[in-house]
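Okay, so here's the structure we're looking at.
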Amino acid sequence: MKSSLKQWRRLALGLILVWALLFLALLSYFMESRVDDPHAAAALSYTDTRRLTSLQGNPRTIMATHLGLATSSAPSTSSNTQQEQSQEENPSADPQPSPLSQEAYPYPDPQSLAAWSAFGTQDVGSRSTGVSRNRERQEYNQDSPQEDEDEEEEVIGGEEEDEEGGDEGRGRTTKRVARHGSSDPHEYYVPRYKSIVHGLWKGSLSMGMLSPRLQRAMKDYLNNNKHGVAYRGHRKAKQSRQQVLCELKKREKIRTLDGAEMPFSKLGWQKIVPALPLSQIHRPGLKTCAVVTSAGAMLHSGLGKEIDSHDAVLRFNTAPTVGYERDVGNKTTIRIINSQILANPMHRFNRSSLYKNVTLVAWDPAPYTLNLHQWYSNPDYNLFTPYMEYRMRFPSQPFYILHPKYIWQLWDVIQANNLENIQPNPPSSGFIGILLMMSLCEEVHVYEYIPSLRQTDLCHYHERYYDAACTLGAYHPLLYEKMLIQRMNIGSEDELKRKGKVTLPGFNKVHCEP
């Protein structure tokens, strides 16, 4: 009896062991089949892998692969060393915005540059190229009113800060995201965008060639007419280079607030503004001058030494030089700033070294009627109080506010040379700066106001923000400004394409009939 019971126990234990082994075998088989299944692996890793590739992949390798080029590996170096050394040597200096490093934006080799220029206008060597291209494609895929109803609502933030030619943003423009698109966006996007850049090179472009988003934004500004513009002048769209230069020369006299007009005379501004007019601070005159825009296409240009070789260099707003010397140089003679820089505490206008040891020229949009009382009581951004405070603290530094009449006269010239109605908003800082330097210099070289082969939707070389409005305009009549500047260009087409460089004669070298 006892032996029989022992046998049953052994049998039960054996069965349990067999079932356990069978269970483990099945579990092992199931797990191996899951690992070997490519669909399961793709489902688990596709999204993360794609994201990591876009962030970590070598951008030159990715672009070369896309274009079918051979690639070579090279160690990347950071451009932050110079900035760190500067901070160590001068701890009290203001921290500069973190530069987009050489690692993030490697300089393209000639082979890549040649292939890229043949392919289109992508930003070769930029880690964010894919982002920019996708945003552009989304924009240009909006070609049907019916499709627009299926998209997210676009938000345009009022005005852009500073469209100086790759530099605009008085409030950011949020692009709408298309929920549709062709299977191959290149078929639509690349030819159209490339034709726009070529149109700028030729000086022949119209609003109808822009993306639907930018067209809608421009029409909104036309309808809004915030500044009460009522242009009654003649339009001469086909004027020659000489005719345009002579027309601008007649209006070129730089005018700044001198404190003699009300309400400024009543406030004692004659004792606040500089005694020496802006037009006379560089007597007997400057030979060659550089206007350096803040456009993202300044990256990889290697134009720093050429820019610094000029007698004077004009820059805009918060554009830094530390960390970007190879591309933009480090000399600054004049800095044009819009009223936001003075009014917004985040720019640290009274303390930042960006605004020291240079000539400052500020401006703010005023009513087209030139009502100075209305402007003083209701400026776009209050620049008057910060200006007075700065002048009292640093009375020896040349600091001027452009007169609204000077700004709107420039706008009148732009409108007079276009049959289309342009945006009824002041010209961009870029256009103002170019005309200012044409009044002060014998020859003016402008960099990346009209885009080169490096054209990208990266708005500023020192910020990671993308929008086609920075190049083509929304708030400012930037598109029409650029066509007018190109009409006056006496430089070569090769320099325009390779360097984004426009050469303009100073007004003292322009000879006009009486």
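Including glycine, each Cβ sits where the backbone N, Cα and C put it.
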Going by Swiss-Prot, the cysteine from CYS246, CYS441 that pairs with CYS289 in a disulfide is CYS441
Going by Swiss-Prot, the cysteine from CYS459, CYS512 that pairs with CYS470 in a disulfide is CYS459
Whole-number Å distance separating the Cα atoms of ASN330 (N-linked glycosylation site) and ASN357 (N-linked glycosylation site) is 13
One of the recorded positions ASN350, ASN357, CYS459, CYS470, CYS512 has its Cα closest to the Cα of CYS289 (disulfide bond), namely ASN357
Quick note, CYS512 (disulfide bond) and CYS470 (disulfide bond): C-alpha atoms separated, nearest Å, by 34
DSSP, reduced to three states, assigns CYS459 (disulfide bond) to coil
The recorded positions listed are CYS246, ASN350, CYS459; by CA-CA distance, the one closest to CYS441 (disulfide bond) is CYS246
